[in-house]
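Taken from TrEMBL as is:
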type	residues	note
TRANSMEM	12-33	transmembrane segment
TRANSMEM	45-69	transmembrane segment
TRANSMEM	168-186	transmembrane segment
TRANSMEM	206-228	transmembrane segment
TRANSMEM	235-254	transmembrane segment
TRANSMEM	266-284	transmembrane segment
TRANSMEM	293-313	transmembrane segment
TRANSMEM	325-348	transmembrane segment
Amino acid sequence: MDSPMFSKYSWLDFLFSVVGVCTFLFDVGSDIWVATEFYSRGDFFWFGVLIGLMVLSSVVVQMFSWFWFKYDRELEGFDEQTAKNVLFGGCVKLSFLLHVLQLGFFCRHISAIWQGFRVWWRQEQGSGYAVYLTHDLSMLRLIETFCESAPQLTLMTHIMLHTNKARTVQCVSVVASTTSIAWMVVDYHRSLRSFLPDKAKQGWGSALVYFLWNLLLIAPRVAAVALFATIQPSYLAAHFLLIWPVLVFWVWRQETDFMDSAGGEWLYRATVGLIWYFSWFNVAEGGTRRRSIIYHSFMATDGGILLVTWWFYRDPVLTQSYAPILLATLPLTYLMGVLFKTLYYYCFHPTLWMPSVREAGLEEELPDGQEMVFRSIALQTGTPRFRNKRMASHATHFYSEEEARKPSKINRREANAVV
């Protein structure tokens, strides 16, 4: 039976699924158009870079999708729920073929829409599984955005700055990438909020501030990287290869446990390192504020170095119309992003105090050493059959306190309700 608190599938969930697939198709269509334009004009270098980003992003997303498909087959009741689904039927070989053909992500979109239609319009059972699919799509969109949309936005911005002109196809690509990033931010925020007990009380003000601080932090980062690339593109590759391993090492040091296999976990850590190159999100329990301060201080320093280096080696004549404006605006925009993030955490972020097993009175119900597991899935107690532990894990890291240090945040009665 689906939980009425956490698994209810609404018309808004269905709308988000439909808009999500439309955004995905728009993004893919714009990519193909841009690639075709580059090839027809003889810009084979940019054509190769763009195709490389598209292929890399697609392969990474399909790998995550396939890993999750294999993990989910071990869930109780999986075959029963997926018997009539477009992608997640009983044919493993067909699903594998779809992922090899780079169609797994798209089929997940279709599956989520079909399952949601059955639940919402036909009033059939399976609401929990429909929500489960939308959460996986939100995570995959996050990965796809930072593997393709953010690098592609950087590439298009660099080309326009390098050539000092913008063609229609480039503008369309910028709009598509920006739309993809914006949709990812809103959809991911909504998925995180769905794990809160008071999700019905969430307002658009929280989503707006969350969107603004992400936009104001990502935009100057993309601009700084694009400007630095106008000096010499090969330097940008060296910069990324210098920063990315450090970020991956930091992820490893946080002892993440997101995937169900060692190979999948290292794929996840490598992907998080790529995401952190553009934006921050928490992947481990505890120490959120300290890690966030370290990250933003490091990225502000790195962005400043990129911007100053571009300023001294730029073409003064070609860039005289916009260089002083960018030099002043980009650091200010990043600072505003940090301020909006601080505003979000102080005014809109619903911090949860997750009680320990002993405080919750459940110490006799769990085996020794299982308190951390209990705490990590406590937000998902309402969905006993289909717990999307991947999104639940991120929600726990994003919302809950690492210790019960601030019981005033939520009283004992509310804490028991959460548990």
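Glycine residues also receive a Cβ, built from the backbone N, Cα and C atoms like all the rest.
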Residues of the parent chain within Cβ reach of the transmembrane segment (12-33), under 8 Å, 6 or more residues beyond its termini: 50, 54, 105-106, 109-110, 112-113, 116-117, 120, 130-131, 134, 137, 141, 144, 148-149, 152, 169, 172-173, 175-177, 179-180, 183, 187, 190
Feature contact check the transmembrane segment (45-69) with the transmembrane segment (266-284), CB under 8 Å, 3 or more pairs: yes
Other parts of the chain folded back onto the transmembrane segment (235-254), taken as Cβ under 8 Å at six or more residues beyond its ends: 225, 228-229, 269-270, 272-274, 276-277, 283-284, 291, 302, 306
Within-chain partners of the transmembrane segment (206-228) [C-beta distance under 8 Å, separation at least 6 from its ends]: 150, 153-155, 157-158, 161, 181-182, 185-186, 189-190, 193, 235-236, 239, 278-280, 296, 299, 303, 306-307, 309-310, 314, 326, 330-331, 333-334, 336-338, 340-341, 343-344, 347-348
